[in-house]
Amino acid sequence: MSNRTSARPARRPTQAPSPWAGLREKGRRLLATPQLDYKVILLITAALVVLGLIVALSSSMVLARSDNESVFSLFLGQAFNVVIGLVVMWCALWIRPASVRALAPYLLILAFVTLIAVLFIGSGSEIGSKSWLSVGPLTFQPSEIAKLTIAVWGSAAAVMHTRKQPDVYHGLGPFIVTTSLILLLVIFQNDLGMMLSLTLVVFAVLYFSGISGRVLLLVGGVVAVVAAFAISVVGYRSDRISTWLTSLGLNFNDEVGQGAAFQVRQGIYSLSDGGLFGQGLGQSRAKWNYLPEATNDFVFAIIGEEIGLVGAGFVIILFGLLGWFGIRTARRQVDPFLRLLAVALTVGVVGQAFYNIGYVLGLLPVTGVQLPLLSSGGTSAVITLGTLGLLANCARHEPETVSSMQHEGMPLVDRILLLREPVPYNSGGEHREQVRPRARRYGEPVTNRARPVAGEPDRGRRVPGERQTATGRRDGSGYRENLDPRYPDGRSTDPSNPEYRRRHRQ
């Protein structure tokens, strides 16, 4: 016998699995976890609240002592505002999305009334913008309410702009006109920073509602012209823009550094003094009246000086994650109203935060926009916490999250807060397919079918030995009754007969 060697293909060397493959798979599984967006948004909010209270205590001591008050007076006031904001956040978590949409017109009326009232009886003109309204012991900023109004009412109005009704005047027309009036009222208050913050929310709603690019460019051009006119009319605003352009390269000469760019220069010096790990909590030198508005507009510089680059980077990461999970919440929504609402709320908070960080770093002109939850301020804290509560409510009503909470139970934080179990929400949008009941989608289960009564034919079950002659007709019992005598093949006139319904449709 001849020894024949069978030609076998050479085995390829098995490649060792990449160490990153397992991490990527774990990351995908983690991102696919139900309730992830909801829990992360709550966690980021809690971290910002705690960090904001710590920074408020550290940065307000010197200012409180200069006013001959207790070192804890400003901190206690900010803590009281945060408590009120947490109550508002709980209400925003507890309310149903349908109720949020129903309250949108009333919120719009409140925004218009307060914005008009602040033009006549408002305060704050001594600091450049007449944007504060006092009602008894309560002092608040109506433009913050207007920003939340644009997000809620604007999302409800823009939902009417669908593929079946793509006309701009249907839904988006009232939205553009109403938001233009709100922006005009804010411009009359000389509050350029809040106008820019509101503009971000407006463009977010317009872009994600599916508006055409030409209309979006037209609206952007109109806003740019109005903003340029407002800057040129108000003298100190144009001075800030020119100073920003002059000092953009960090070339602070004596005239610029001691003038309009003094605040920016001191903020950059504070950040550079912090180094990598900072000077330590409470050890800032800039808050000793070297940096104007150290507790409000330029609190990010105090964070960088006391906690260093690590702390400042941590704040940037928190707002970046908040933006990412907020947009992810919008993308995972089925309902168009919740989708637009999540986008508008996210852009309103995160966009304002990064604008504040940008002008502290000297990259953008100073406009007085606060850093959400970190700058001291009652209205900002309450409205921001209410906004994040609505955003968490949107994440709580994701389809996967609703199903998870209904079948696996609500998380511990929801049980502690006594929140209601979420239910699927449908705002009645035109481009959303209506979810049909299970019985209509798959038919009535056989196990739940009623048993036939003795002596009556069972039309839902085939009798053994019965001959099936045609679709919908049986020789046994059931569909053979009510036959039409005009047809010899036995056509039925019973509307319950499938053959009759098919022939009737034809």
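Cβ from N, Cα, C; glycine included.
The transmembrane segment annotation in TrEMBL covers 36-59, 71-95, 107-125, 145-161, 168-186, 192-208, 215-236, 298-325, 337-361, 373-395. Sequence annotations record features per position, and here TrEMBL assigns region 'Disordered' to 425-506. TrEMBL lists 456-465, 472-492 with the feature compositional bias 'Basic and acidic residues'.
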*asked:* Is it true that the transmembrane segment (71-95) and the transmembrane segment (373-395) have 3 or more CB pairs under 8 Å, sequence gap of 6 or more?
replied: yes
*Give residue numbers and ranges for long-range contacts of the transmembrane segment (192-208): same chain, 6 or more residues beyond its ends, CB-CB under 8 A.*
129, 131, 141, 143-144, 146-147, 150-151, 154-155, 158, 172, 175-176, 179, 182-183, 186, 215-216, 219-220, 223, 227, 230-231, 234, 237, 330, 339-340, 343-344, 346-348, 351-352, 355, 367-369
*Sequence-remote contacts (6 or more beyond its ends) of the transmembrane segment (373-395), Cβ cut-off under 8 Å?*
37-38, 41-42, 45, 48-49, 51-52, 55-56, 59-60, 74, 77-78, 81-82, 84-86, 88-93, 95, 97, 100, 139-141, 144-145, 147-148, 151-152, 295-297, 299-300, 303, 315, 325-326, 329-330, 333, 338, 341-342, 345-346, 348-349, 356, 401
_Let me spell it out: take the transmembrane segment (337-361), skip the flanking residues so only those 6+ beyond its ends count, and list any with a Cβ under 8 Å from a Cβ in it._
97, 100-101, 147-148, 150-152, 154-156, 158-159, 193, 196-197, 200-201, 204-205, 208-209, 244, 264, 267-268, 271, 297-298, 300-301, 315-316, 319-320, 322-323, 326-327, 329-331, 367, 369-372, 375, 384, 387-388, 390-391, 394-395, 397, 425, 427, 429
